[in-house]
Amino acid sequence: MNKVAINGLGRIGRAVLKILIDTPDLELVAMNDLQPADNLAYLLKYDSVYGRYDLPVQVGPNHLSIGEKKLRLFGKQDPSELPWHELAVDIVFECTGVFRRREQMQQHLKAGAKHVILSAPEKSGDVATVVHGVNRPDGNPDLISCASCTTNCITPVVEVLGRRIGVRKATMTTIHAYTSSQSIVDGPKNKWRRGRAGAANLVPTSTGAAKATAKALPQYDGIFDGVAVRAPVAVGSIVDIVAVTERRTDKEEINAIFREEAGSQRYEGILGVCEDPIVSSDIIQDTRASIVDLTMTQVVDGDLIKVMSWYDNEWGYSAQMVREARRMARLPT
C-alpha cells in the first residue's frame, strides 16, 4: 500500500486528511505542523463549516489517533528534517502554502519521500501543473502542483468548451468564499481591499486562476483571464465564464454537451451538472471539482456564451489532490 504524509494542517490539509482517512488504498502515516497537537486535534473535531467530525480524535505522545488510525505527528519547520525515509513515505501533500518553489518542495525528497503534491500554484515556473482529469504530466515527475481550487473548477469547463465548440477568447469571474488571506475586521494589508472585513463586504480582487489554466491547457495562453470577488460566505464558490466561440451554438446544445461530459469516463466524479435552483450552501462538501449550473447558461447572438459552475473551494479541491495522488500511485481514480 502507498504511504502518504501531510505537511501543513490548515483548511486544505485538514480536508485532505479527512478524505484520506476514508481512502483505503492510500495509507496516511504522518503529519507535520507547527501548531500544538491539542489545538490541531480540536480543529479536526470541530469545524464551523463541515460540522463535528464523526471520528474520535485523541492526542498521544508524538501522534494523533483518529478513529482506529494512529498517525505520527511532527513539528518541524524544515521539511528536510522530517523522517519520510524512515516511514517509507511515497507521497507528501505539501499544504502549508509556504513551500511553493522547486527547491523548497525538493526538501521532502531529500527527507526520503518519492513524490510531492503542492496544494497551491507553483512559483518556480518549472514544476508541472496538473488539473486531475484535464491533463497529465509528462512521465511521472516527483514534483507537481495541483494549481488552485478555482483553476480546478474552470479548467474542465473550458477544456470541454474548447474541444466541443471551440473558444476564441474568454474571461471569468469567481465569486469566491472569503479566505484566511483576508481580515475579519478592517486593517492594513498590502492588497488594500483584502484588508477590509471579509464577512461584511463583497471584495473585488485579483486571481491568477485563468492564467494558470494555460499551464494545463496551453491553447488558452493569452486568450483567457479573469478576476475574483470575495463574498461573505465561509465556503462555497461559483465561477462565471464568458467566452466567444469558434462556431455558433445555443443554450440547449451547451447544456447537452455538459450533461454528456459529466457522465463520461474522463470526467466522472470530477465534472458535474445541476438543474435545480441551488445556492452556495448546497454544494458544501461536494467532492466534484466543478458543478455546472445548467439553469444559468446563456447564449447571446450565437457565439457569446456564459457558463456558471459551482465548487466547494476547500473540499472539492482537496478531493482533486487525493485523486491525483491515486493516479501517481497507479491506482484507479
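Positions of Cβ are set from backbone N, Cα and C atoms, glycine also.
Note on the domain 'Glyceraldehyde 3-phosphate dehydrogenase NAD(P) binding' (2-149): its mean pLDDT in the predicted model is 97. The domain 'Glyceraldehyde 3-phosphate dehydrogenase NAD(P) binding' annotation in TrEMBL covers 2-149.
The feature NAD(+) binding site is assigned by TrEMBL to Arg11, Ile12, Asp33, Ser119, Asn313. Secondary structure from DSSP puts Asp33 (NAD(+) binding site) in coil. Cβ neighbour count for Asp33 (NAD(+) binding site) (all protein chains, 10 Å cutoff from its Cβ): 22.
Neighbour list (Cys149 (D-glyceraldehyde 3-phosphate binding site), Cβ cut-off 8 Å, at least 6 residues apart, same chain): Ser237, Tyr311, Asn313, Glu314, Gly316, Tyr317. Per TrEMBL, the feature D-glyceraldehyde 3-phosphate binding site maps to Ser148, Cys149, Thr150, Thr179, Thr207, Gly208, Arg230.
Feature annotation from TrEMBL assigns active site, nucleophile to Cys149. DSSP classifies Cys149 (D-glyceraldehyde 3-phosphate binding site) as helix under the three-state reduction.
DSSP assigns His176 (site 'Activates thiol group during catalysis') to a strand. According to TrEMBL, the site 'Activates thiol group during catalysis' annotation covers His176.
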DSSP state at Arg230 (D-glyceraldehyde 3-phosphate binding site), helix/strand/coil: strand
Shell list (D-glyceraldehyde 3-phosphate; ref centroid = CB of Ser148, Cys149, Thr150, Thr179, Thr207, Gly208, Arg230; cutoff 8 A): Thr151, Thr174, His176, Ala209, Ala228, Asn313
Conformational class of Gly208 (D-glyceraldehyde 3-phosphate binding site) under the three-state DSSP mapping: coil
Thr179 (D-glyceraldehyde 3-phosphate binding site) versus Arg11 (NAD(+) binding site) - Cα distance in angstrom: 10
